[in-house]
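Reviewing the structure listed below.
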Amino acid sequence: MLRALCHGILIFSILFSASAFEIGRCNCDGDSLWSIETILQCQKVSDFLIAAAYFSIPLELIYFAACSSLLPFKWIVFLFGAFIVLCGLTHLLNVFTYEPHSFLLMLSLTVSKFFTALVSFATSITLLTLIPQLLRVKVRENFLRIKAWELDREVGKMKRKEEASWHVRMLTHEIRKSLDRHTILYTTLVELSKTLGLQNCAVWMPSENKREMNLTHELKQRNSSGLYSHPIAIDDPDVMEIKETKGVKMLRPDSMLAAASSGGRLEPGAVAAIRMPMLKVSNFKGGTPEIVEASYAILVLVLPRDDSRVWSSQELEIVEVVADQVAVALSHAAVLEESQLMRDKLMEQNRTLLHAKQSAMMASEARNSFQRAMSQGMRRPIYSILGILSMMQQEKLSQEQRLVVDTMAKTGSVISTLINDVINTSTIDSERLSLVMRPFQLHSMIKEAASVARCLCDCRGFGFEFQVANAVPDRVVGDEKRIFHVILHMLATLLNGRDEGFATFRVLSYYGDKDGQDQEWVPWRSRFSDGYACVKFEFSIKKAPSDEPSSSTVQPARKPNSEGFEMGLNFNLCKRLVQMMQGNIWAVPNSKGIAESISLVIQFRLQPLTRVSDVGEASGLYRTSSGPNFKGLRVLLAENDEMNRAVTRKLLQKLGCSVFSVASGNECVDSFGSAATPFQLVIMDLDMPKMDVFEVAMRIRKSRSRCWPAIVALTASAEDDVWVKCLQSGMNGLIRKPVTLLAMGEELYRVVQNT
């Protein structure tokens with residue numbers, strides 16, 4: 001439509017110009033102010049000025065075209081320049097037409113106007129086609145302007161995001177500088193206040209009972225007597241809504257949480273709050289979180305009181321990211337605190353273990369010292385005494401001398417057993433005490449125990465009475481040494497704490513429910529059947545023999561002691577030994593709580609009547625039959641203890657052996673290899689220091705592979721695996737200490753017969 005309007009205006013101007021040629025010359029004569037000369041002068045000046053202007057405009061257009069980058073439109077600039085130059089030339093020539101002029105001037109003016117008309121017409125026609133292109137350039141310019149504005153807006157958003165991320169990185173860096181929970185929270189408050197320009201910020205933590213929220217950290221400290229220093233209930237509407245919201249929650253001005261977090265001011269600015277999960281190490285035990293009740297802390301941020309200051313989306317985004325980072329940092333701090341507590345516990349346990357280790361090492365050293373003292377100071381002398389007594393038993397003695405020697409041998413054997421028990425108890429558990437069940441003569445053992453008891457009572461100034469019922473069996477099977485030890489300990493327990501009195505030792509058969517009195521005394525019940533018999537040993541002490549109740553007097557039965565008074569550790573050990581022998585022991589106290597009598601009940605398996613040569617003596621300590629004779633048997637004895645070596649040498653010589661003794665394993669190997677006449681038997685003590693006896697035995701076997709000597713070991717150990725080790729090292733026999741003449745003779749006879 002605009003193009004059609006332009007075409008109409010152009011046609012109208014052409015027609016109007018054509019009609020102007022038909023009008024005749026103007027009658028310009030007149031006597032007014034404006035005369036012809038004046039008008040001509042004015043036109044002359046005007047044409048000159050127009051020409052000057054027209055000639056200057058092309059220069060400006062040429063400069064513009066040269067400096068402009070509008071390459072597609074340079075030609076139109078030159079067209080306009082030509083049009084303007086021709087117009088200026090026309091006006092310049094008109095200046096000279098107001099005075100008499102020549103034909104050439106008129107011709108030039110005519111040609112100039114003709115060209116000006118052509119260029120003007122061409123310019124007008126060109127503008128009709130150029131205007132739409134210029135309009136399109138304008139639209140494109142507006143489009144580019146809009147795009148540039150949008151781009152500026154996106155760049156602004158990116159800059160703000162970059163700034164926000166920078167703030168977040170800075171805050172995260174400051175928060176992660178420490179792994180202490182309080183330092184993390186305080187750093188968060190300080191850095192958020194600097195970054196966001198806050199009036200105050202605070203952290204609220206749930207209490208231990210999860211019923212209220214306590215203000216634990218605040219940027220601006222206040223007096224404890226403040227208006228809002230009290231905790232806020234956990235069921236407060238704002239608290240519950242914040243915990244249920246993942247993002248930032250804007251609080252109302254009248255909110256109790258907002259007022260309590262304002263730093264003491266009653267009218268805070270805009271207040272925002274966000275929850276922070278509180279994670280614990282226990283939530284992740286086993287690699288999978290446990291199902292526990294969620295616990296949240298609340299971070300409250302208060303802006304200054306300013307009507308123009310509100311929370312922007314960028315600031316809220318910073319708060320959300322920082323809250324997440326703080327939650328992660330707090331979880332790391334919780335892990336560190338848990339690890340620190342665990343490390344402290346481990347260090348404390350380590351110190352306790354080190355102290356216990358030192359105590360155990362000291363106890364072990366004390367135990368080893370005790371064992372060495374017991375072994376060197378008591379066990380070895382006892383072994384020597386028992387060896388000598390065993391040789392004396394083979395001599396011709398009177399009846400009284402033999403009774404004394406047998407009693408000494410029996411007592412020494414009991415002492416040896418007690419020493420071994422003490423040493424083994426300090427090394428292993430007391431429950432590993434073993435019993436040696438052998439047939440023996442019960443009456444002989446009772447007489448020997450009564451003899452020792454009479455000696456003890458005479459030494460202490462006590463009277464003594466001994467009674468044995470005829471129904472007590474003689475040949476039984478049991479541990480003679482243990483029973484002898486328990487009987488003597490019963491008497492020693494009664495004598496302790498007393499200066500005088502009369503002791504009675506009674507032995508009788510026991511049927512369990514005699515007169516119904518002993519039934520509740522003994523918690524153990526005997527198995528009364530053929531082949532078994534129960535014997536009761538009882539010691540009692542009275543002030544005088546007259547205090548002993550007669551058979552016709554009925555005395556109220558006292559119950560046995562269970563927890564009434566303390567009997568001591570040795571009595572409890574004896575009680576365990578008795579229980580191992582299917583028996584029981586108890587004490588009956590008097591009115592003052594002192595043991596008045598002690599009873600021992602043991603069930604024995606009866607030994608059928610056989611020949612004496614088949615049965616023998618169980619203990620081997622007082623057997624009078626002569627042992628085997630090994631006359632001419634060449635024996636190499638290796639024993640480090642000088643006294644035991646001398647006694648063992650004497651025992652071997654008593655058996656008829658030719659003995660060469662050494663004090664160590666090295667001397668044994670050297671003597672065995674350098675001897676002109678080979679030894680037929682090697683006896684070595686397993687407890688020799690500086691060299692392993694089992695290694696010595698294997699070296700002897702290797703050196704004499706064709707003519708093996710018999711090797712017998714001596715040991716004081718009661719362990720069962722000793723004999724297995726001896727067999728593995730190539731030994732032929734084992735003699736357990738104390739070494740007696742009869743035991744050595746029997747073992748050597750077995751070894752010689754087998755080899």
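Each residue, glycine too, has its Cβ placed from N, Cα and C.
According to TrEMBL, the feature Cu cation binding site maps to Cys87, His91. Feature annotation from TrEMBL assigns ubiquitin cross-link to Lys737. If you look up TrEMBL, you'll see 634-752 marked as domain 'Response regulatory'. Here TrEMBL flags Asp685 as 4-aspartylphosphate. TrEMBL lists 1-20 with the feature signal peptide. Summarising the annotation, TrEMBL assigns transmembrane segment to 48-66, 73-94, 114-135.
Structure coloured by features recorded in TrEMBL.
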residue : record                 : Cβ within 10 Å
Cys87   : Cu cation binding site : 21
His91   : Cu cation binding site : 22
Asp685  : 4-aspartylphosphate    : 22
Lys737  : ubiquitin cross-link   : 23
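The list of residues near the transmembrane segment (48-66) in space but at least 6 beyond its ends in sequence, with Cβ under 8 angstroms from a Cβ of it, reads 74, 77-78, 80-82, 84-85, 87-89, 91-92, 95.
Geometry remark: Cys87 (Cu cation binding site) versus the residue listed as 'ubiquitin cross-link', CA distance 152 Å. In this structure, the C-alpha atom of Lys737 (ubiquitin cross-link) lies 157 angstrom from that of His91 (Cu cation binding site). When the alpha carbons of Asp685 (4-aspartylphosphate) and His91 (Cu cation binding site) are compared, the span between them is 153 angstrom. In terms of DSSP secondary structure, the domain 'Response regulatory' (634-752) contains 53 helix, 25 strand, 41 coil.
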